[in-house]
Amino acid sequence: MPTAWLVVFVLAVSAIGYIAGRRRALNSAGGDSRALHSLPVYYGFNVALSALVPSLLVLAVWLLAQPMLVENRVSGMIPAEAIPESSTLGLVMSDVRRVAEGLDIAVQQGALSEQEARAIRADVTDVRARLGDLGVALGSDVRSEVLSAAQRYRQITATGHLLMTLVVAALTLGGLGFAYARTNKDFRARNVVERGVLALLILAASLAILTTIGIVLSMLFETVNFFRLHSWTDFFFGSTWAPNFRGDSELSILPLLWGTLYISFIALLVAVPVGLFAAVYLSEYAHGHVRAFAKPLLEILAGIPTIVYGLFALLTVGPALVRVFGRGSEGLLGVDWMSGATSVLTAGVVMGIMLIPFVSSLSDDIINAVPQAMRDGSLGLGATRSETIRQVVLPAALPGIVGAILLAASRAIGETMIVVMGAGAIAKFSLNPLESMTTITTRIVSQLTGDTDFASPETLVAFALGITLFVLTLGLNVLALYIVRKYREQYE
Amino acid sequence: MTDTSQQGGGPAAPARKHGETLMKLTARTKRRNAAERRFQAYGIAAIGVGLLMLVILVVNIFGNGMGAFTQTFITLDVHLDQSKLDKKGNRDLEDIKKVSTFGYAPLINRAFETKAADLDLKSGLKPKAMADLLSKSAAAQLRDYVLADPARIGQTVSFRFLANSRVDGYMKGRVSRESIANDKNISAAQLDLVDELIAEGTVRRTFNPAFIFGADASDQRPEAAGIGVSMLGSLFMMVVVLALALPIGVAASIYLEEFAAKNWLTDIIEVNISNLAAVPSIVFGILGLAVFINYMHLPMSAPLVGGLVLTLMTLPTIIISTRASLKSVPPSIRDAALGVGASKMQAVFHHVLPLAAPGILTGTIIGLAQALGETAPLLLIGMVGFIASNAPDGVAAGLMSPNSAMPAQIYEWAKRADPAFYERAWGGIIILLVFLITMNTLAVILRRRFERRW
Amino acid sequence: MYDTAKTESALDQTETKISARNVQVYYGDTHAIKDVNVEIEDKTVTAFIGPSGCGKSTFLRCLNRMNDTIDICRVTGDILLDGEDIYDPKVDPVQLRAKVGMVFQKPNPFPKSIYDNIAYGPRIHGLARNKAELDEIVEKSLRRGAIWDEVKDRLDAPGTGLSGGQQQRLCIARAIATEPEVLLMDEPCSALDPIATAQVEELIDELRQSYSVVIVTHSMQQAARVSQKTAFFHLGHLVEYGETGQIFTNPEDPRTESYITGRIG
């Protein structure tokens, strides 16, 4: 990993810079640290940071940008007529990358020398077979345009890498030299270091924005690719989800959305009454010690990883439901309504259990924010506690509770493991909660795991599903946070 | 109070002028009180349901999972026949290595035969059928044992073999004579043999450290599967998360809490962070797949990538809790530091940050615990499947070579439709929960110990 | 402000509404009210005065058992309403509070419409058989709360949208709507400006025609203005109880005198 070595080099130079800068400052003050403008460590940090920060930043940006630039340069080499019917530039480019990777592996394993890899010609050698021997499977025979593009790809990448190493090393040493030269006893090292640190702090804070941008962009690009390959009307308004890796898939989000919403609805049907009543009891009735005991116990449910709930759904709740609703005359009800353990009800109930503490602790906060004066006013008129709660406290807390329920709904919609393990894989519109159905998140997992081909609509649809999910949950969250905030302001 | 109530209780009490007596409940009050009691009962029922679910969950986990920590072993005296293992007799390791596991199978068959003869068993089973009671890895186990010390060739050693998962299930009550009717992996006659061997003490169920420390095994050998390697995968991911999320999270919080001016940029960042905290985890998986693997070409299934994805996911949690603990340090501390001539940066780093450290640590531990239990994004970056089969050698390999993680390993086991793997999935959950409980307890202790009331 | 002679004559016709005997109140280990004996008369305004923390509000909240809502609070002794012990186990505090209404320090209208605020009590106690009767009760209560003219055109507007003084009168009207016999007021004007205070005080004086009113205040002027009887509390003791005029002009106990002249409190 040469890049790792480059980082080690930068770190080592910075460490040397720290010692050197500190020493130079002290020397310039004749060894008396009181004569310095700043504490000696700041001179050291100034040199170290000057060597470290710009070079690492450039390194990071370079690593992010290089693949894109290389891609651009190479894709320019592929003439439009070299792109076969029923294919796209993106498809051809992914072939190019596969071939380039294959050549890399071949060189690494010694099957080809560097010269051979550069000189290899598609019309002379059966590249597909040779790479196949090395475990690099290619979908079709390598055409000469693709091969030369791949060779070009490798070459530009190698050049870029060399250039990057040089630039980063130069920046490191240059930064060190510049800061070292500036170091003397009157140099305001602390101020400079502090400005640098502040810049780093701002950078860290902006990462949140970068992440969001990353999420949106990464999904948006692939979604655009998807809509080039597949009609958007089918995605948004079609009625069938039937991916077929030989092509001709019907990929409509609607049946998945139906499954998602149906399961979330059942989850809320479990979580909201239980969570709300638990919150009401804990905040309005329970004595201190009951509260101190029951509240943390309930919150344990929220800390349990979703994989545990998934297993619980698959292996415990599902079979238990089958025992009740299935198996014909052997079942508890003597009916045969349910055949497999996975169903809307299985996933919904387990997800509901998971959401109980979520709803209850949010509602608890919100109910507690209702001023005691409201309760006193109602009790003072001779209302019972439950009348007070139902007619005064809950209506007053309603906006906040609606917000909490929306947050819970967004959780339910985005939940993955429980539905992957408990809901099943059949996309359909059905009202029967005992049937298997599938959700957006399960389909994302199944389309993106296993053998994926990032040029086929069947894989790319996952990104379109992902961005829909993101928009859906984001909308719910923003709405919920807005409502909750408005509600809080009302009582502040 | 009794005397007065008697005195005032009579309907003819002279003091009464209007209204009804308080001493008698009206029908309406009775109805209202009944409604009150019903309402309270709903509340208690709701809490009961929640707690009941917790109990069911815990009982389920431990009831189904404890079995994974014990395993059935069959101890046999094996004669390591020199004529089979080292024909030349010069104990040359290279020569011995040429003998494949097939060469060891007859030794095991022989050992069973001897055993049956010793015990005077008349099961009528062929030696091969008897050897089927062992795990499919039995021959490999024996081979490794011999290769570790070729000097043992020619001796007769007492060797503890892993039993087949069916035998193990029989010992644990999962497999019964009724349930094997359609199972071609084991027959009633074999179970009879097992019964006799149990009585004689050859078949024993003991604690199985290999489950905790070992590697995953192929789906033919549930008895050999362990969670140890994926635990290492989780460990490496947590190291990445800690190394990135803690400094970045703390830096971001310091900026937002101590330095940021109130402007649109700060607002955007804040709204962003609170929204990122609620983005479904699978979306982070998509991000990881698209950016780290497809775009940056980092290796698939690597704990480094998993760690990066979980870092992005954990950051909002850490930032939110860090800001809360920075906020709880009173402004007087900052004023005091500024008052003696410290710069703002010095005031924050020398005074505020150390005082907020316990709170930051608590939030970080809770964030890590969350990341440790997360599964969905790991599925997308390929940290699932039969990959946790070799322990990584060294830190670089630990970060870069394909591995799984504890929750992903549990998911993988749950997918293999064999009850023996289900037991291991539940067992894996026990281990995962032990980690989570330890981390959360640590967080609670830290909070109690260092909590400051200003 | 008020005609003293009229007050004197009114007092002649009154009789005891609430009598408290040997009342002790404990908050956990704190002995908050010590051995209080008092006879509160019907159709009279009785003021409880005293320095902060003297127990006057605590004692007031004993009179309609609002203290029941506090877990650690314990009351002993007898409090009789029309001769009936309100702490008798047979008494339901819900029925008691319908008879002994309460108005709080801070106006606390429910986040509902003005109409629903007033109708809340009658509804839960089942005082109206139909909508027309309920309308009538609402109007009557608002009129007696001296706020009808201000809100009659916007009964559907939220009660929280009113001004502070209007809110407090709304709360008084709300308390009246349940047809109580006694009205307890816990510093009803402390959150109001002087003009709103004057309006509420005027209302209190009118309410005396029909109810026994008990008002806690730490404004001595207010006590002097609105009450006929005054009780002075100090450190949990009822120090002195008597005609308002007498307490303010000629107190018997030196502590009362110190408080009234401003030396303690």
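Keep in mind that glycine also has a Cβ here, set from the backbone N, Cα and C atoms.
Where the annotation comes from TrEMBL, it is an automatic prediction and has not been curated.
Small disclaimer: the values here were computed from a predicted structure and weren't measured.
Here's what TrEMBL has on this protein:
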DOMAIN    A:257-480  domain 'ABC transmembrane type-1'
TRANSMEM  A:41-65  transmembrane segment
TRANSMEM  A:162-181  transmembrane segment
TRANSMEM  A:196-221  transmembrane segment
TRANSMEM  A:256-282  transmembrane segment
TRANSMEM  A:302-325  transmembrane segment
TRANSMEM  A:337-359  transmembrane segment
TRANSMEM  A:389-409  transmembrane segment
TRANSMEM  A:460-484  transmembrane segment
Same-chain residues near the transmembrane segment (A:460-484), Cβ under 8 Å, at least 6 residues beyond its ends: 215-216, 218-223, 225-227, 229-230, 235, 243, 249, 251, 253, 256, 366, 399-400, 402-404, 406-407, 409-410, 413-414, 440-441, 443-444, 447-448, 454
Range from A:196-221, A:256-282, A:337-359 with the greatest count of C-beta pairs under 8 A to the transmembrane segment (A:389-409): A:256-282
Close approaches to the transmembrane segment (A:256-282) from elsewhere in its chain (Cβ under 8 angstroms; 6 or more beyond its ends): 241, 290-291, 294-295, 298, 344-345, 347-349, 351-361, 363-364, 367, 389, 394, 401, 405, 408-409, 412-413, 419, 423, 427-429, 433, 437-441, 443, 465
Same-chain residue ranges lying at least 6 outside the transmembrane segment (A:302-325) that approach it to Cβ under 8 Å: 331-333, 335, 337-343, 345-347, 349-351, 353-354, 357-358, 361, 415-418, 420-422, 434
When counting Cβ pairs under 8 Å to the transmembrane segment (A:196-221), the leader among A:41-65, A:162-181, A:337-359: A:41-65
